[in-house]
Structures are given as structure tokens and as C-alpha cells.
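J.: If you scroll down you'll find the structure; I have some questions about it.
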Amino acid sequence: MSQLACRRVLLKLSGEALMGDEDYGIDPKIIGRLADEVIEARAAGAEIALVIGGGNIFRGAGLAAGGMDRVTGDQMGMLATVINALAMQDALEKRGGRARVMSAIKINDVCEDYIRRRAIRHLEKGRITIFAAGVGAPFFTTDSGAALRAIEIGADLLLKATKVDGVYDKDPKKHSDAVRFDSLTYDDVISRDLQVMDTAAFALARDSDLPLRIFDMSQPGVLLRILRGENIGTLVRGRG
Ligand code: UDP
């Protein structure tokens with residue numbers, strides 16, 4: 001729709017964003033609020049894809065630190081992202097949204113396999129499309145899955161929701177004089193050694209000139225405001 005600055009976006013949520021005040025799992029109130037935000041943005045005309053992490057359930061690196069085989073741990077992490085994706089699909093559908101989960105690992109009794117052309121078709125038809133299981137391989141994260149899928153579907157923007165309201169020159173929790181950037185180039189991020197996404201995900205975004213916006217999703221209505229062109233959080237792109 002004409003008043004939107006972005007037509008097709010991919011929103012990356014961490015698994016931890018679903019936990020609320022708990023230290024594990026999914027808080028129905030929190031996932032409901034996130035689903036409301038997504039539905040509001042969809043109703044305004046945006047085509048929305050989602051990637052949700054699995055850190056509220058399992059991360060391979062954490063399991064490996066406890067003695068588990070890393071590849072098995074990563075497979076458990078990928079399955080955790082499928083669980084989160086199914087929960088989000090349910091929350092969206094309960095609110096009248098149309099949603100599809102597509103997984104990078106074959107688990108098609110519970111969701112569709114990821115097929116790029118089919119994913120684009122879902123988006124064109126207005127279905128909120130949730131990409132689960134990251135890139136489908138161990139030793140990657142869902143940040144990489146988000147960057148990869150955003151590029152594959154031709155997203156205008158990759159939105160990364162975090163607990164912090166953008167990218168700062170130093171940790172704002174430790175330094176009261178930390179300064180938030182409104183925008184950065186990919187080269188700024190590298191030269192200042194800023195933490196935006198994991199290295200593989202960032203390299204993918206930079207090589208494909210995919211703009212990223214890092215923002216705090218806790219304020220109601222923020223997703224739609226960004227889609228309408230408000231400069232919220234920090235934009236990272238090829239030119240400042
Ligand atoms: N994972 C993986 N390959 C992928 C994506 C995810 O092996 O392409 C595994 C990995 O163990 C990861 C876990 O799934 O730690 C959960 O994803 P992530 O850590 O990205 O979740 P988030 O931190 O966003 O909640």
C-alpha cells in the first residue's frame with residue numbers, strides 16, 4: 001500500500017523474546033502481543049515473513065558445553081525453532097491471520113518444507129510466512145537463516161528485534177554515555193567492531209546489500225511505525 005515505506009519485510013525475533021518473565025519456553029501473553037503487532041502490520045498491506053530463534057528452548061552451543069555432541073545439539077536447536085514457529089502460527093491464526101510455517105529440515109507432518117517459489121507465493125497471497133529451522137544445517141544460527149531467507153524472497157528490509165533499542169558505540173547497560181547510531185554502513189559496523197548479527201549473517205546481508213534495522217519490539221505499534229518509514233532503532237546499509 002502506498003503509505004508503506006517497505007512492501008516485503010522479514011522480521012527476526014529471538015526465541016528469548018517469547019519467554020516474557022520466564023526463563024524457558026513460551027509465554028502465551030507475549031507471543032499473543034507479538035502476533036497482534038504482526039497482524040496489524042499485515043493489515044496495513046505489508047508482506048511479512050518471520051524467523052524465530054530457538055534460544056528459549058535449546059541452543060546447540062549450550063548443549064555442547066554441557067557435553068552433548070554439537071551437531072545433535074544444533075539439530076535440537078533447529079527443532080526448537082520449529083516449535084516456536086508452530087506456536088506463532090497458532091497465535092496468528094487465533095487472531096484471524098493467515099500463516100504458514102515452512103521448515104528448512106523436512107518435518108512435513110507438522111509444516112511445509114521450505115520451497116522458495118512457494119514461500120513467495122504465500123507472501124503474495126497475504127499469508128504470514130514463518131521460516132523455521134534456520135538454514136537447515138548445524139553450526140549456523142537463525143540470524144543466518146533470517147538473512148538468507150530475506151535475500152531469497154527479495155525482502156526490502158530485514159528487521160531484527162532485540163532487547164536494546166538500536167546499535168550503540170558501547171554497551172549501554174554498562175556505560176551511561178553510550179551513544180546510539182541512527183544509521184551505519186556495513187563498513188562502519190566492521191571497522192568499529194559493533195555487534196549487529198553473527199558474522200555469517202552479517203556477511204550475507206552485506207554481500208547482497210540487504211538493509212537491516214535493529215530495534216526494540218517492546219513498544220506497541222513499533223513494527224507498523226517502522227514500515228511507515230519512521231526512523232526507529234538503527235538502520236545498517238551499504239551507504240550511510
Ligand atoms: N540452529 C542451527 N542451524 C541454523 C539455525 C539454528 O543449528 O541454521 C540451531 C543452533 O543450535 C542455534 C539454535 O538452533 O543455537 C537456536 O537458534 P538461535 O540460537 O539462532 O536462536 P535465538 O538466539 O535467535 O533464539
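Glycine is treated like the rest: Cβ placed from N, Cα and C.
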J.: Check TrEMBL: it lists Asp74, Val135, Gly136, Ala137, Pro138, Phe139, Phe140, Thr141, Thr142 as binding UMP. Then name which of Gly54, Gly62, Gly96 it lists for that same site.
T.: Gly54
J.: What's the CA to CA span in angstrom from Ala137 (UMP binding site) over to Ser14 (ATP binding site)?
T.: 18
J.: Listed binding-site residues are Lys12, Ser14, Gly55, Val135, Thr141, Thr162; which sit with C-beta under 6 angstroms of ligand 1?
T.: Ser14, Gly55, Val135, Thr141
